[in-house]
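Going by TrEMBL, these are the annotated features:
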{"type": "TRANSMEM", "residues": "12-30", "note": "transmembrane segment"}
{"type": "DOMAIN", "residues": "48-167", "note": "domain 'TLC'"}
{"type": "TRANSMEM", "residues": "58-80", "note": "transmembrane segment"}
{"type": "TRANSMEM", "residues": "100-120", "note": "transmembrane segment"}
{"type": "TRANSMEM", "residues": "132-155", "note": "transmembrane segment"}
């Protein structure tokens, strides 16, 4: 497999992964503060329940961002339009690279929390899900191929907020 990266990607990829990790940390803290001031029942939760609730906060934000960016790139941007020359599997953009990096940052953060509190935040199925997701995203990122297909999978993150609401 040919790895498809140059000087731009050497900065963009690590920066976007870091942005994903920082987004998770920031949203975790914001969720904690907003929940404490807006929902009286939040303060009555156990520490583990609070951790799970705050974790669902950054999971939901990632899902909404991933679904919105994926929808834009696949349906609106024209990047994958049939009118564009070249094979669809070879098309990518700085925005798809960035979204993949942010998603890897999210999956790394969530995976770290799952492992740290194993099995309270999720069992082996979560480890498998996160591992396979990161593997597929990394393959697309490093090869520069199949971005449309990974974006279509990331669009399905739109269902995550509904799963997270099952409290």
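Cβ from N, Cα, C; glycine included.
In TrEMBL, annotation is done automatically, which means it is predicted and not curated.
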Same chain only, please: residues at least 6 beyond the ends of the transmembrane segment (132-155) with a C-beta under 8 Å from a C-beta of the stretch. Say none if there are none.
1-5, 13, 66-67, 69-71, 73-74, 80, 88-93, 96-97, 99-101, 103-104, 107-108, 111
Outside the transmembrane segment (100-120), at least 6 residues beyond either end, the same-chain residues with a Cβ under 8 Å of its Cβ set are 12-25, 48, 51-52, 55, 58-59, 62, 65-66, 126-127, 130-131, 133-134, 137-138, 140-141, 147, 150, 154
Over the domain 'TLC' (48-167) the mean pLDDT stands at 96
